[in-house]
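Residues or ranges marked as active site, proton donor in TrEMBL: Cys116. Positions annotated as phosphoenolpyruvate binding site by TrEMBL: Lys22, Asn23. Annotated UDP-N-acetyl-alpha-D-glucosamine binding site per TrEMBL: Arg92, Arg121, Pro122, Ile123, Asp124, Leu125, Asp308, Ile330, in sequence order. Here TrEMBL flags Cys116 as 2-(S-cysteinyl)pyruvic acid O-phosphothioketal.
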Amino acid sequence: MDVFKVSRSGPLKGEIEVGGAKNAALPLLAATLLTDEAVTLRNVPDLSDIRFMVEILSHVGSEVENPEPGVWKLKAAELTHIAPYELVRKMRASVCLLGPLTARLRKAEVSIPGGCVIGPRPIDLHLKGLAKLNCEVEITNGYVHVDASKIQGGPVFLGGRSGSTVTGTANIVMAAVLAPGTTRIECAACEPEVVDLCNLLVKMGAKIEGIGSPELTIEGVEKLHGCEHSVIADRIEAGTFIVAAAITRGDVTVKGIPPNLLGAFLDKLEESGVPLKIEGDNIRVLPYEGSLKPVDCITLPYPGFPTDLQAQLCALMTQVEGISIITERIYPNRFMHVPELQRMGADIAIEGPSAIVKGASKLSGAPVMASDLRASAALILAAFAATGETWIQRIYHLDRGYERFEQKLAGLGAKIERLSDKDMPKELLEA
Ligand code: EPU
């Protein structure tokens, strides 16, 4: 298995390009099932999650081509309505097949994704939404069975305990675009990735109003057609690079990221004192003297501070003098990075849904374990600020969502190497 060896790095310097957004690309790929014509997607990141999704789409009958890096052409002429457990269990986002299969075939059988380390991830809102569209929804033997023979547009409220649902909104929008009548979704997720999906669907011939707002009105159409579409930039990858620059006091320009996608995050970093210069779609992080200021931050649905950047902010705040309070409102247990950061010397206490980070800590390299995608990134960022070597195991989590991560950061001068666990000192290997 691959591992990362990371040493104290920085200041990082140079320019770094942001790739296509994983969390936009996954529902966009699923949306290609809504037409029997070919849909070409560009700027698709090369990630293991994307390869899982393509595997599932090809299993349900899509003809899949990858004519050049970053470009996928999919044609779903003949489809089957069953997405089996063996494939769905590999990736939660495969739940995004529910909407398109329901819309196109008027029936779906999709396995319910398994547990997730970042906490409970129910799909009750997806199911409630489908029921509101007059579908019969039943769970048996670990599968969601949808009978959509009488599907009909209608009012759908998608708010849950933590606000709306990103992939739930994607599913209901995808089901509604081919449902007779008008669907009005209230409390729709406003994440840029949902906007990107709606924009693709409009290109395919869907009628959607209110895109980007919590109220979407969808007029069902009989058929959608093929088109070409380029995936939006990955705001979480961009945010991770910005933290890499800030934690090393570097001078880095993150290119190709519309700053409005990162409003709350950039605001929090500026509040902390990170000097930022924004020019068009480029964000330059400038070096600074002295300590940053601690922050009080709460993760919220877009346009609030994204949960997917919470772990990275935690890593940065370990290097800031004073007490930061980082509260997780989307996934209150998403603190798997904390015990590993503690092993590197961070002073962090978990109080309910909050991490209380006391800085600045002198971090030192240690063997640590990546637990999920964003936690992996946080450990690498902390390792840039730590003395000695940090060995990070289970980096397949990182490969799910960051494309050529170590190569891109090494281009800025980061000391990060991908090695095999056979290269690790034996005494550091996990049992
Ligand atoms: N929720 C419900 N019921 C539902 C669905 C969600 O109660 O039916 C709750 C969840 O438990 C959570 C909140 O609503 O507390 C938000 O969950 P959401 O459904 O929005 O999350 P998701 O669609 O499963 C996407 C991203 C996640 C990201 C979240 C939140 C994709 C493929 N995944 O997940 O990305 O953290 O939105 O922004 O788009 C990641 O990239 O590392 C990642 C985990």
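The first residue you see is number 1, and the count goes up from there.
Cβ atoms are placed via backbone N, Cα and C, with glycine included.
What TrEMBL says about a protein is an automatic prediction, not a curated fact.
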Packing count at Arg92 (UDP-N-acetyl-alpha-D-glucosamine binding site) (other Cβ atoms within 10 Å of its Cβ): 19
Could you check the binding-site residues Lys22, Arg121 and say which one's CB has the fewest neighbouring CB atoms inside 10 Å? Arg121
The residue listed as 'active site, proton donor' and Arg92 (UDP-N-acetyl-alpha-D-glucosamine binding site), Cα-Cα, nearest whole angstrom: 8
When a 10 Å sphere is centred on the Cβ of Leu125 (UDP-N-acetyl-alpha-D-glucosamine binding site), how many other Cβ atoms does it contain? 22
Please identify, among the recorded positions Cys116, Arg121, Asp124, Asp308, the one with the smallest Cα-Cα distance to Lys22 (phosphoenolpyruvate binding site). Asp308
Restricting the comparison to the binding-site residues Arg121, Pro122, Asp308, Ile330, which residue's C-alpha is spatially nearest the C-alpha of Asn23 (phosphoenolpyruvate binding site)? Asp308
Restricting the recorded positions Asn23, Cys116, Arg121, Pro122, Ile123, Asp308 to those with Cβ under 6 angstroms from ligand 1 leaves Asn23, Arg121, Pro122, Ile123, Asp308
Per residue, counting other C-beta atoms within 10 angstroms of the C-beta, which of the recorded positions Cys116, Ile123 reaches the highest number? Ile123
Under 8 Å by Cβ from Ile330 (UDP-N-acetyl-alpha-D-glucosamine binding site), counting only residues of that chain that are 6 or more apart: Ser162, Gly163, Thr299, Leu300, Pro301, Thr307
Considering the binding-site residues Asp124, Asp308, which residue's Cβ sits among the greatest number of other Cβ atoms within 10 Å? Asp308
Helix, strand or coil by DSSP: which one applies to Cys116 (active site, proton donor)? coil
Report the same-chain neighbours of Pro122 (UDP-N-acetyl-alpha-D-glucosamine binding site): residues 6+ apart in sequence with Cβ closer than 8 Å to its Cβ, ordered by sequence. none
Determine the C-alpha span of the UDP-N-acetyl-alpha-D-glucosamine site listed in the record, that is the greatest distance between any two of Arg92, Arg121, Pro122, Ile123, Asp124, Leu125, Asp308, Ile330, in Å to the nearest whole number. 22
Rounded to the nearest Å - Cα separation of Asp124 (UDP-N-acetyl-alpha-D-glucosamine binding site) and Cys116 (active site, proton donor): 16
Around Asn23 (phosphoenolpyruvate binding site), how many other CB atoms lie within 10 A of its CB? 24
